[in-house]
Amino acid sequence: MKLDFVNSMVVSLPSSKVLTYGWNFGSMLGMVLGFQILTGTFLAFYYSNDGALAFLSVQYIMYEVNFGWIFRVLHFNGASLFFIFLYLHLFKGLFFMSYRLKKVWVSGIVILLLVMMEAFMGYVLVWAQMSFWASVVITSLLSVIPVWGFAIVTWIWSGFTVSSATLKFFFVLHFLVPWGLLLLVLLHLVFLHETGSTSKLYCHGDYDKVCFYPEYWVKDFLNVVVWFVFIFFSLGYPFLLGDPEMFIESDPMMSPVHIVPEWYFLFAYAILRAIPNKVLGVVSLFASILVLVVFVLVNNYVSVMSKLNKFLVFVFIFVLVVLSWLGQCLVEDPFVFLSMVFSFLYFFVIFLLFLVYYFAGRVFM
């Protein structure tokens, strides 16, 4: 029975005849998730979740633990690798209209939200100047929630400010959430394998598909090349994607001149800063991810609109890249104005993507 289940997942799974490297992203994400859990578990052996010792314990891992620096560098850059493939996987889903598989799409959005929360907590654990103040700013945004906002912030902080108790809370969650992610990923795969993945040829039945093995196995060997590039980058340029403030121990009495999150949060951070009202800014921040759920309302596939869909997806990627650049710029003109413009374009392009297929279903079907 167990062998039949494994066989249905990785051998006889009906797969699209159109073999593209876009299908590597999901398998690569699974590999990186396992890699992050292994390296993170090793780091947890030596990490101290006390506010007075956290930053020093990270330095201890880097300088005193045998090969500790390798694990820390690989885990740090592994988060960036994970988000690169996570966003590529999302873009591929938009490109091939994978949101037609409703349960797969919704479970994927939930995984995205959990991964972003997980990455943020891991960022805070370094307890450096930038990560400490980022935790203060981001968690305090929850205070805009009516009635319960202040109570929620106090509960997360475990007090009236970010402290050692907050660090312990984040450390426990950062250690436990990946195991929940594994279950969600398994559920994501089960939902996917109920129908098979989408195809730009839109193959309707299993009779018009090929087995996962051997073609898709061979295709996945590209992941080996990616791993070699990742290791070379991590060892040659270990902190290129980091911030210099992350090498300074946190000081609650002095904030950095310019608070900037990790690169994979910059687009959402730019949207947050673009809105002058705090409540609307927080709503826009969460909406930037949750708005992707609206695609499950699309119930049709109209091939005459596929070219327009692909064009809009590329426009969406361009807008996302520009927003990420604006997110690390200073809060001054013209960057503030440009953030407003591209924040509007971000939601407008998503609205157009949805609108195209909503009305196409009424006109052509």
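Yeah, the Cβs are placed from backbone N, Cα and C, and that goes for glycine too.
The structure displayed is predicted, hence computed values, not measured ones.
DSSP assigns His174 (heme b b562 binding site) to a helix. According to Swiss-Prot, the heme b b562 binding site annotation covers His75, His174, on the basis of similarity to another entry.
What Swiss-Prot lists as heme b b566 binding site is His89, His188. A simple way to gauge crowding: the CB of His89 (heme b b566 binding site) has 20 other CB atoms within 10 angstroms, across all the protein chains here.
Under the heading ubiquinone binding site, Swiss-Prot lists His193, citing similarity to another entry as support. In the three-state DSSP reading, His193 (ubiquinone binding site) counts as helix. Within 10 Å of the C-beta of His193 (ubiquinone binding site) there are 17 other C-beta atoms, taking all protein chains into account.
Under the heading transmembrane segment, Swiss-Prot lists 25-45 (among others). For the transmembrane segment (25-45), same-chain residues at least 6 beyond its ends with a Cβ under 8 Å from one of its own Cβ atoms are 61, 68, 71-72, 74-75, 78-79, 81-82, 85-86, 88-89, 92, 122, 174-175, 178-179, 181-182, 185, 220, 223, 226-227.
Here the transmembrane segment (69-91) has long-range neighbours at 22, 25-26, 28-29, 32-33, 35-36, 39-40, 42-43, 58, 61-63, 108, 112, 115, 119, 122, 230-231, 233-235, 238-239, 241-242, 262-264, 292, 313, 316-317, 320, meaning same-chain residues at least 6 beyond its ends whose C-beta is under 8 angstroms from one of its own. Positions annotated as transmembrane segment by Swiss-Prot: 69-91 (among others).
Annotated transmembrane segment per Swiss-Prot: 104-124 (among others), in sequence order. Beyond its flanks by at least six residues, the transmembrane segment (104-124) meets 40, 79, 82-83, 86, 89-90, 93, 98, 131-132, 134-135, 138, 167, 170-171, 173-174, 177-178, 180-181, 184-185, 187-188, 191-192, 195, 261-262, 264-265, 289-290, 292-293, 295-296 of its own chain at Cβ-Cβ distances under 8 Å.
Annotation source Swiss-Prot lists transmembrane segment at 170-190 (among others). Long-range contacts of the transmembrane segment (170-190) within the same chain, counting only residues at least 6 positions beyond its ends with a Cβ under 8 Å from a Cβ of the stretch, are 9, 29-30, 33, 36-37, 40, 44, 47, 49, 104, 107-108, 110-111, 114-115, 117-118, 121-122, 124-125, 135.
Marked as transmembrane segment by Swiss-Prot on the basis of similarity to another entry: 216-235 (among others).
Per Swiss-Prot, transmembrane segment is recorded for 279-299 (among others).
Sequence annotations record features per position, and here Swiss-Prot assigns transmembrane segment to 311-331 (among others) based on sequence analysis. Counting residues 6+ beyond its ends, the transmembrane segment (311-331) has Cβ neighbours under 8 Å at 87, 91, 94-95, 258, 260-261, 263, 265-271, 273, 338-339, 342-343, 345-346, 349-350, 352-353, 356 in the same chain.
Look at Swiss-Prot and you will find 335-355 (among others) tagged as transmembrane segment, backed by sequence analysis. Within the same chain, residues 94, 267, 270-271, 273-275, 284, 287-288, 291-292, 294-295, 297-298, 309, 312-313, 315-316, 319-320, 322-323, 326-327, 329 sit at least 6 positions outside the transmembrane segment (335-355) and bring their C-beta atoms closer than 8 Å to a C-beta of that stretch.
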Let's check the environment of His75 (heme b b562 binding site): how many other CB atoms sit within 10 Å of its CB? 20
In terms of Cβ proximity under 8 Å, which residues at least six beyond the ends of the transmembrane segment (216-235) contact it? 10, 15, 19, 21, 23-24, 27-28, 31, 70, 73-74, 77-78, 81
Can you count the other CB atoms that lie within 10 A of the CB of His188 (heme b b566 binding site)? 22
Work out the three-state DSSP category of His75 (heme b b562 binding site). helix
For His174 (heme b b562 binding site), list the number of other Cβ atoms lying within 10 Å of its Cβ atom. 22
Here the Cα-Cα span from His188 (heme b b566 binding site) to His174 (heme b b562 binding site), rounded to a whole number of angstrom, reaches 21
